[in-house]
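In TrEMBL this protein carries:
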- 202: active site, schiff-base intermediate with substrate (ACT_SITE)
- 212, 224: 5-aminolevulinate 1 binding site (BINDING)
- 240: Mg(2+) binding site (BINDING)
- 255: active site, schiff-base intermediate with substrate (ACT_SITE)
- 282, 321: 5-aminolevulinate 2 binding site (BINDING)
Ligand code: PBG
């Protein structure tokens, strides 16, 4: 008896067991990184209007409780963002021994020891009065972000974060040479084992808006298009990534994630020997959240589909405000 068709891809989609058996991509809690906003001079967690479900935490028991909760779902990696009460032109509160991030690192290390991995965002925008990712000087009568002056400050911040206990420093300024400057400063200070996860391919994206609302880091003048990448470019990502590799980056990153799946794939296939992180950013979080709160989309399925797509594109690690929820949902079983 001759039947047609003989080749039937549907055989491998027959039921959930067989689909799980042949699934190419699986999310794991070990590959998730939970961002946390930590704010100086507050006593209670504060809601962030543009990011429902995300809070600014004080560096006290509330922070510890949140980390415990995330940990209990299986997520052990955290990236910390500081919101200082004092800002100046030089971001001096970013490298203060008693700065908000330094205090929080010590508190979390004392409480959790080596059970958690602590990553610090290394930048100046939350700490400067002008909100830029570097130091501002005048050039030809115009204010600009002075690349090489900024490197000195980024090196100070990185060393100060390492001293306070960070396992991984994540420079996010997109200054030329920042990875090399930080690597050199860390090594000279004896932190040869502190890793660098570079925001290698960071686009000038509108999807950071809720973050800037959360961290009060909107630039007071101008924008970040003079240092962050142009959304029209993909291959330029390879230039940024290869420079960071030469300068000593241990882990690369593409940011945002959902909007830049092509870039994730390109960077991963070009440099497969480097772990690649993707940052599912604040605006990408808030868009899903808003649709979910309106009942227009099923939040769990949407988040798992999008983050699986980010991993399928080539990301090994995902930084996401949904980390805790994803870890919980994958325990329940994915709905695919
Ligand atoms: C810079 C930094 C930003 C984000 C992470 N690190 C803000 C920016 O570049 O304007 C954005 C993350 C997000 O939107 O979730 N410190």
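Heads up, residue numbers simply count up from 1 along the chain you see.
Here the Cβ of each residue, glycine as well, is placed from N, Cα and C on the backbone.
TrEMBL entries are annotated by machine, without manual review.
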Within the set 202, 240, 255, 282, 321, which recorded positions show a CB-to-ligand 1 distance under 6 A?
282
Considering only the recorded positions 202, 240, 255, 282, which residue has the minimal Cα-Cα separation from residue 212 (5-aminolevulinate 1 binding site)?
282
Does DSSP give residue 282 (5-aminolevulinate 2 binding site) helix, strand or coil?
helix
Tertiary neighbours of residue 255 (active site, schiff-base intermediate with substrate) (same chain, Cβ under 8 Å, six or more apart):
199, 201, 202, 203, 205, 278, 279, 281
Measure from the CA atom of residue 224 (5-aminolevulinate 1 binding site) to the CA atom of residue 282 (5-aminolevulinate 2 binding site) and give the result in Å, rounded to a whole number.
17
Mind checking which of 202, 212, 224 has the fewest other CB atoms within 10 A of its CB? They're the recorded positions.
212
Distant-in-sequence Cβ neighbours of the residue listed as 'Mg(2+) binding site', under 8 Å, six or more positions away:
200, 201, 229
Taking the Cβ of residue 321 (5-aminolevulinate 2 binding site) as centre, how many other Cβ atoms lie within 10 Å?
26
